[in-house]
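*Asks:* The structure that follows is given in the form of structure tokens.
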Amino acid sequence: MDIRLLLGSTNLYEFKYLLPEITVFIGAFVLFLLDIVMKNSETKKRIFLWISILFLALSMLSFSFKNAFFKDVFSGTYTIDTLGMFSKIFEIVLTLMVLPFLHTYMNKKNTFYYEVYYITFLSLLGMMTLSSSYNLIVIYVSLEMVSISFYIMTALFRGSFISKEGAYKYLIIGGISIIIALYGAAFMYGASKSLDIRAIMFSYNDTNSVYLIVGMILFLLAFAIKIGIIPFHFWLPDAYTAAPTPITGFMASAGKLAFFIPLLRLVPYVNQYLYSSWMISVSILAAITMIVGNALALVQSDLKRLLAYSSIAHSGYILSVLSSNSSMGLKAAIYFVFVYSIMGLGAFLVLSVLEQSDEWNNQLSEIGGLYRNTGFLSISFAVFIFALLGIPPTIGFVGKALVFLGLAIKNIYWLGFVLILATAISTGYYVRIVVLMFMKDVEIHFKPHYDILENVSIGLLVFLTFALGMLPFVLWNGISNISEFLFKIANLR
């Protein structure tokens, strides 16, 4: 699209729909200026944390100025709808929860990088724009913004060889995925003469050019790399291990959520010509990811790598139900993406607190007898572990039950069986963690310390894990409306 045409047709009134994004951008700019003018001090550290929290809160409040449930703005390059708004609110809340842990983590390491605050804001901005567009250029730029921010944050502690290695792997493979996405976008535009994914999908039929097929495959491949689908996952365990644990939690929760949104938006536009290819390819990738992800997690001794492979397996769970290409499948996928961001972030934040001890090395053996030293952390970690496993009455159980139901409705029973088998495999390492924490008689020589904000964040995540598990319709009703609305809009086009 010609940029002059875009600017000429844009009503300045439409900028009100970007207030949350604009607020985050202003927050990043203010933090950047403060980093330049303020000298290093304890006061500066506290100011950065609280100003970050303030701007995130203002961004949340700015959603109240929006009065549209569906609207294409800026000549159709940006879409305002309930899925985008819900996703962005979730991403902001997850960022709010991560910041206190990141602040404490850097303090404890005696290496305080102020730039990590505005880089986090820029990554959040990329996630927000990624969550609200069907336009190939906006999606590509958003992917770049999130990815570059993650590369930098992964290599935050450059003195560590592991940090360097993980960051380099992430940079190289992430860069390849961006190039693949760009090639895919170029092929799709060349074949369809449109930058809108909705129009591109509708333009496909059985007589279409092979270039459109190649473009779609390349574009989906780029997202498969980003969310860690096997066999495109090689960067993820190393990057998650290399990054500071609060950043790992941020990437595994808000990052995964943002990367999945474009795939979720795609489902209602898979037409009859694409359905068979979509179901076969997506279901095979999902089955491999579920089984191999859990099998690799089973042999890990490092807790961060274990949770990294668990994250890969959960991407497989979400992908499996997307293969059904149904309204129920989309509802289950949206629900599972959101609930994983809660329980996944909670597990990584508990590890972040444990890492504050100099004696902690993230080894599975070190968690033995943890309940003796810190009951709150042990119980919280157990709650998140049971949720990841899918034990009632947690949100993880509801999520997996909905995924299985979504597969059963479309008679994809074999993939449902794979889901059950993968969950059975995961029992081996999840239960081992809980047994070590509560039943192993080992004397722990360290006691984790955490402040009130960290306590509140973990407590809130534990509450949500139980509350949304026991009252699933609180979240489910809203997500059902989102899914039905997306299919309704697709059918009207």
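Placed from the backbone N, Cα and C atoms, the Cβ positions cover glycine too.
The transmembrane segment annotation in Swiss-Prot covers 18-38, 47-67, 82-102, 111-131, 137-157, 171-191, 210-230, 244-264, 334-354, 379-399, 412-434, 456-476 (among others).
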*Asks:* Top stretch among 47-67, 137-157, 210-230, 412-434 for CB pairs under 8 A with the transmembrane segment (171-191)?
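*Replies:* Against the transmembrane segment (171-191), the leading stretch is 210-230.
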*Asks:* Which residues, given as numbers and ranges, are at least 6 beyond the ends of the transmembrane segment (111-131) yet have a Cβ under 8 Å from it?
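*Replies:* Same-chain contacts beyond the ends: 20-21, 24-25, 27-29, 31-32, 35, 40, 44-45, 48-49, 52, 55, 78, 83-84, 87-88, 91-92, 95, 98-99, 102, 138-139, 141-146, 149-150, 152-153, 156-157, 250, 254-255, 257-259, 261-262.
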*Asks:* Are the transmembrane segment (244-264) and the transmembrane segment (456-476) close, by which I mean at least 3 Cβ pairs under 8 Å that are 6+ residues apart in sequence?
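*Replies:* Output no: the transmembrane segment (244-264) is apart from the transmembrane segment (456-476).
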*Asks:* Pairs 6 or more apart in sequence, C-beta under 8 angstroms, 3 or more of them: is that satisfied by the transmembrane segment (412-434) and the transmembrane segment (456-476)?
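*Replies:* They do not touch: fewer than three Cβ pairs between the two stretches lie under 8 Å.
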*Asks:* Which of 47-67, 334-354, 379-399 shares the most C-beta pairs under 8 angstroms with the transmembrane segment (82-102)?
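*Replies:* Of the candidates 47-67, 334-354, 379-399, 47-67 scores highest.
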*Asks:* So what's near the transmembrane segment (379-399) in sequence-distant terms, Cβ-Cβ under 8 Å and 6+ beyond its ends?
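*Replies:* Distal contacts: 310, 314, 317, 332, 335-336, 339-340, 342-344, 346-347, 350, 370-371, 423, 426-427, 430-431, 433-434, 437-438, 458-459, 461-462, 464-466, 468-470, 472, 476.
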*Asks:* In the same chain, who gets a Cβ under 8 Å from the transmembrane segment (334-354) while lying at least 6 residues past its ends?
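*Replies:* Same-chain residues near the transmembrane segment (334-354) but 6 or more away: 83, 90, 94, 97-98, 101, 105, 244-246, 248-250, 252-254, 256-257, 260, 264, 303-304, 307, 310-311, 314, 317-318, 321, 360, 362, 367, 370, 377, 380-381, 383-385, 387-388, 394-396, 398-400, 402-403, 448, 450, 454, 457-458, 461-462, 464-465, 468, 475-476, 479, 482-483.
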*Asks:* In terms of Cβ proximity under 8 Å, which residues at least six beyond the ends of the transmembrane segment (210-230) contact it?
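*Replies:* Those are 143, 147, 173-174, 176-178, 180-181, 183-192, 200, 203-204, 236, 256, 259-260, 262-263, 285-286, 288-289, 292-293, 311-312, 315-316, 319, in sequence order.
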*Asks:* Residues of the same chain, at least six outside the transmembrane segment (18-38), with any C-beta under 8 angstroms of its C-beta?
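*Replies:* Sequence-distant neighbours of the transmembrane segment (18-38): 44, 47-48, 51-52, 54-56, 58-60, 62-63, 65-66, 73, 78, 88, 92, 114-115, 117-118, 121-122, 124-125, 128-129.
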*Asks:* In the same chain, who gets a Cβ under 8 Å from the transmembrane segment (47-67) while lying at least 6 residues past its ends?
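*Replies:* For the transmembrane segment (47-67), the nonlocal Cβ contacts are 16-17, 19-24, 26-27, 30-31, 34-35, 38, 80, 85, 88-89, 92-93, 95-96, 99-100, 103, 114, 117, 120-121.
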